[in-house]
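Here is the structure we will look at, set down as structure tokens.
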Amino acid sequence: MWSLPASEGESATAHFFLGAGDEGLGTRGLGMRPEESDSELLEDEEDEVPPEPQIIVGICAMTKKSKSKPMTQILERLCRFDYLTVIILGEDVILNEPVENWPSCHCLISFHSKGFPLDKAVAYSKLRNPFLINDLAMQYYIQDRREVYRILQEEGIDLPRYAVLNRDPARPEECNLIEGEDQVEVNGAVFPKPFVEKPVSAEDHNVYIYYPSSAGGGSQRLFRKIGSRSSVYSPESSVRKTGSYIYEEFMPTDGTDVKVYTVGPDYAHAEARKSPALDGKVERDSEGKEIRYPVMLTAMEKLVARKVCVAFKQTVCGFDLLRANGHSFVCDVNGFSFVKNSMKYYDDCAKILGNTIMRELAPQFQIPWSIPMEAEDIPIVPTTSGTMMELRCVIAIIRHGDRTPKQKMKMEVTHPRFFSLFEKHGGYKTGKLKLKRPEQLQEVLDITRLLLAELEKEPGGEIEEKTGKLEQLKSVLEMYGHFSGINRKVQLTYYPHGVKASNEGQDTQREALAPSLLLVLKWGGELTPAGRVQAEELGRAFRCMYPGGQGDYAGFPGCGLLRLHSTFRHDLKIYASDEGRVQMTAAAFAKGLLALEGELTPILVQMVKSANMNGLLDSDGDSLSSCQHRVKARLHHILQQDAPFGPEDYNQLAPTGSTSLLSSMAVIQNPVKVCDQVFDLIENLTHQIRERMQDPKSVDLQLYHSETLELMLQRWSKLERDFRQKSGRYDISKIPDIYDCVKYDVQHNGSLGLQGTAELLRLSKALADVVIPQEYGISREEKLEIAVGFCLPLLRKILLDLQRTHEDESVNKLHPLYSRGVLSPGRHVRTRLYFTSESHVHSLLSVFRYGGLLDETKDTQWQRALAYLSAISELNYMTQIVIMLYEDNTRDPLSEERFHVELHFSPGVKGVEEEGSAPTGCGFRPASSENEERKADQGSVEDLCPGKASDEPDRALQTSPLPSEGPGLPKRSPLIRNRKAGSMEVLSETSSSRPGGHRLFSSSRPPTEMKQSGLGSQCTGLFSTTVLGGSSSAPNLQDYARSQGKKLPPASLKHRDELLFVPAVKRFSVSFAKHPTNGFEGCSMVPTIYPLETLHNALSLRQVSEFLSRVCQRHTEAQAQASAALFDSMHSNQASDSPFSPPRTLHSPTLQLQQRSEKPPWYSSGPSSTVSSAGPSSPTAVDGNCPFGFSDQPSVSSHVTEEYQGLGLLQEAPGSGAQEPPLEGQQEPFEQNQSPQEPPVETKKPCQEVAEEVSQPCQDIPEEVNQPCQQVSDICQPCEENHDDVDQTCQEVPQISQPCEDASQLYQKVSKEVCELCQNSEEVNQPCQGVPVEIGRLVHGFPVGVGGLAQEVLGEVGRPTQEIPEELSQSCQEFSVDIGRLAQEASAINLLSPDTPEVDNPPLEFPGEGALQAQEVSEWVKQQQSYVVPELIDQLSREEVPQVQCPPSNANPQSQSLAPDQNAPLPPATCDSSFSH
């Protein structure tokens, strides 16, 4: 209710009354004094008071705007000020009356919209000279995007890199457009796709986003919302040819936009909404309004809001922010706009406007300057009842979905045209070249056609043999009539002395001395429609692992994740390797996970990050390790013996005793005989296909995924030729391809009815089940060595993901005021999804199986898990390894019981073998309830026994019976904690009374959505139903049953144990999908996916961290020993001018300053074939031919070193120092005094892993910062080349108010801090002690492009490393505190000013190796800034934080050796974290 007017004594100041809602607002007319319509009770008092002079506030806008709900709400509140009277100029007056006749006013709120005569408003303001809330002259500029961008640039506000194309006949020099296949060049500036095309008029909302051909091409066309759509996907890929446009870099925002609404320079309200570019569907609530979520702005973003407000002189102003790679860019300024449907905003806005007007026009009242208290200052953190555990992190490694068979052909080429092609695309720099883009493949096709034409004229002996391969090359490249860029690639490798003669019957005596190229053509391997469906379904099922929301978000299970994601409390990053099928799987998964609609291309570009630059998820299949070569040779030798397997063969081939391996060998018995049978069956198959092709009925027959009989015949004929060599021996490496092909045809082309395919499948599967897993190592030691070689970067990344459990200040947070009824609104669930190929999944599983995670002799649960894994014969498509991290907030933060890890696994899609042969696991079983009063009939894991299953025969229709060791399950270990709070945010009252506390959704998924997916099982299949007792993380079975159209008998809910045996999850149902995409005669099968099985649910974070660290350390030590001899020889042979100098003697010429690049600093040099310039972010292994070296970078290194200690990853390595960058194409050997533990391979990795966390050390520095230090050379470049994440350090920095004469003292301060922090490191248990990081490399581990920076500001660069104490070991938790101190070094920011110049980009062929770790590391640092994040103080106090002090203004004398010039004084950094005005 509104308050009554103030008494006479109080009327000396203007008053503002806060309202509770809409009720009661309509009783008072606008423009009326508050007293005129108040109760008569106060009439007598009013009669005694003479009438007060009024300040008249005029509203001059179109009726649609001035009578809108937000405006009405705000004006009603504005009228509550005693001295303000509001008048609204009618539209008729504005349009038709001369300005002289307009009513006069003291204050004018006027803004432009469609049809508004801005000229008349300007004339009126000149005539009456009112106080303008929003400047009118600036509104002309806001209507032109070119002017908006110009002003933003002048104000130093970050915006995407852009160029303007003016199609103006008077200025032809501004209209230079060159359009390519995957880029445009605008007036000399090149924009690779994806890029954005915006009309220059701000009133034109037809913005187009163009996608690269590698992602599927086409464009997304955005427009003003029409009904439920805000954009539509179009296959058109060429830009518009009429009109003037702004072209700008596409910002990968993970599918969300932030809209900011300012009211004056000190108040900003922000809301997040789904990006219209994602799928174009507008999410609306029950009242039909677009769903938006209020989010909290970071300190940097508040500073941006202030700058925008002041620069455009618009008190009330809306603008759009893009949060990309942890940094914020302004992409649009809309001028006057209000928040819709936020009572708090209406209250705040009216109060600020009223106060602003009164202070300006009635200064005698001396109204204090106060802005409404920010909601984030109110610590609303509801506690949970009981000891619930909270889901904090989900890490999943997932293999791609069902694909077409992969095919490969190799040929040696020596024609000069191939060499010139190789040279043209820069192949000589690395000796290798990968061609995937359509124009590149077209060049290869042109050369092939030319050579074939020449061969027809001059047929020759040896050339005849090549003719067949050239024909095949031509036919594959011509296959679809166009190049999609995803399904074919050509690789060329340079051999200076010719390709070595292979063992396939070629003349080994011929000695080839002339240089040649090995051409490898790869095709096939595309994701099938079935694969897309599998990925989307798995994404949908994955939702059910996350906390549930209060009420149903969209009326179907899994709503918890959607609510979590929409409110920005879900920190999701999806990574995919280089391959198209992997990227499309990731996009389809994201589509299901986040309930998106439409095409995969926009989802792929915005949601999927590319991790292809550094081996995180890719592996160079052409360069096998020596261990792999040995293993393959031994495998081939054993399988070439024409005799039954004997005991010795079993020992040689299956030393691990794997159950699946032994059973496959039992099927094979004599490998050569089985290969003979397989070869005969393939011959028979090709014969049948040829016959079928002669049949007139089959002429136009279309097989699955648009394949023809001719293409199918090509596929099998090639295998027939290659499998049996000229010598009569069999090429064992073709067995996986044969199995691949026959599995594909049985599943997708079964309607052809070809004879013998079932037997071929049985035999080839038996062979493949031996060959495929054994290619990754035969003995345990080999398996582990090969596994770590494949996935060392991924292991380190997982280690980082697990250890970064603290909160991040700048991650998008839901406004606490709007999160009542939400469990711990300030917390986040971090999800990291890694989509990759078979090799990484095999390798990662080998690490867990053979790396010594647990002692199986002492841990029966792990013993059972290993037995289950041993029985798995194939890691099929969509195999998942899932790691879930829980936190128990009731435990001491440093105790081992604080964090709890679970390991789950699924072997992927159901194979084509009989269902009964599937191995059974122990079910999906997160740690179950520890309720003391639990009864046996509550279905706890320990009390399940096979007997119960037989009591319910009609409901126990599971394909996998309960494990026989059911009664022998171990009693609960102390680590199996209480039921996870992660399972639901808020338990409804009804659910808590039900046995087991399962939350039942009020309704299942609407039938419309089921129809869209075309599948019967909606969320099914993620979890094994063998055991679900006590698992509130598991999805609700009743919902599954409902989605299957089944009815649970009422009795089934009486006891939880009975619920376990309901056949709600059809584990292996095969959908004969009536999907239009599902291929041949609608009968293609989409197999369901095996549910997740729990391998272990009682691990501590410390156990897992130490295990991963140990594995990584063992590998690096082994590599170091192997490369020590190599280093010695290389070092002794160095010439005096060798690029490899000993540490501490580095002197290289000063780097010349370059002009600032047009690319934003986060811009990496471009993914090779992925779409997502969305910054990759992951650690890297240094390629042998890596063009980047590790130059000295002291300024950033101090940050990095601190971050590393905080992560617990920094270990002492003796004698570390600075290295000079290696020459291009050379690998960097060890320095003499380097630790033998550190191999060259992983040198850059630590640096990159940290780069993510370094992103925003300076985010919350006070805003009175105006003069950046201009003398520092190129620090922005590391971001541009390699770290999307360091981009924040370059850009998000407020500018310092006093110019910094010399940056040298900053180095002193930072190194002093490093020294102090290092010296404080006491003995603390280290969860990550196994990751040795050579400090010299860490400190100087930035790319070559930054090398000269050291010389600009530093005389001697080797020093920072020397100052680091020897015993450097610090645990994650204890060190997390000290980052705050660094954050307060405001001076540190000067070095990272946006105005600093940059060095040139590296060539495009070398995408930034270090680029990948960007976004996530920043998250960890931000939360360490304790003075900005009040909710962290509690946590930090438990860790005995030293009091944070302002740094002294004088330089530390101990660090003077770092700076060449000690004379320039450095102003003290301010520690005041508030904005001052």
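Each residue, glycine too, has its Cβ placed from N, Cα and C.
Per Swiss-Prot, region 'Disordered' is recorded for 27-47 (among others).
The compositional bias 'Acidic residues' annotation in Swiss-Prot covers 37-47.
Secondary structure from DSSP puts Asp320 (ATP binding site) in a beta strand. Neighbours of Asp320 (ATP binding site), defined as other CB atoms within 10 A of its CB across all chains, total 14. The ATP binding site annotation in Swiss-Prot covers Arg145, Lys198, His205, Arg224, 248-251, 257-259, Ser275, Asp320, 332-334 and is backed by similarity to another entry.
Taken from Swiss-Prot, the feature region 'Disordered' applies to 910-1016 (among others).
Feature annotation from Swiss-Prot assigns phosphoserine to Ser940 (among others).
What Swiss-Prot lists as phosphoserine is Ser983 (among others), and the listing cites similarity to another entry.
Look at Swiss-Prot and you will find 1001-1016 (among others) tagged as compositional bias 'Polar residues'.
According to Swiss-Prot, the feature phosphoserine maps to Ser1033 (among others), an assignment based on similarity to another entry.
The annotation phosphoserine is assigned in Swiss-Prot to Ser1069 (among others) on the grounds of similarity to another entry.
Annotation comment: Swiss-Prot describes 1131-1248 (among others) as region 'Disordered'.
According to Swiss-Prot, the phosphoserine annotation covers Ser1141 (among others).
Swiss-Prot lists Ser1148 (among others) with the feature phosphoserine.
According to Swiss-Prot, the feature compositional bias 'Low complexity' maps to 1164-1182.
According to Swiss-Prot, the feature region 'Disordered' maps to 1438-1477 (among others).
As annotated by Swiss-Prot, compositional bias 'Polar residues' applies to 1446-1460 (among others).
Secondary structure from DSSP puts Glu248 (ATP binding site) in a beta strand. With a 10 A radius on its CB, Asp257 (ATP binding site) counts 21 other CB atoms from all the protein chains. In this structure, the binding-site residues under consideration are Arg145, Lys259, and the one with the smallest number of other Cβ atoms within 10 Å of its Cβ is Lys259. The DSSP secondary structure for His205 (ATP binding site) is coil. Around Val333 (ATP binding site), the same-chain residues at least 6 positions away in sequence with a Cβ under 8 Å from its Cβ are Ile142, Val148, Leu152, Val308, Phe312, Cys317, Gly318, Phe319, Asp320. Every protein chain considered, the tally of other Cβ atoms within 10 Å of the Cβ of Glu248 (ATP binding site) stands at 25. There are 25 other Cβ atoms within 10 Å of the Cβ belonging to Phe250 (ATP binding site).
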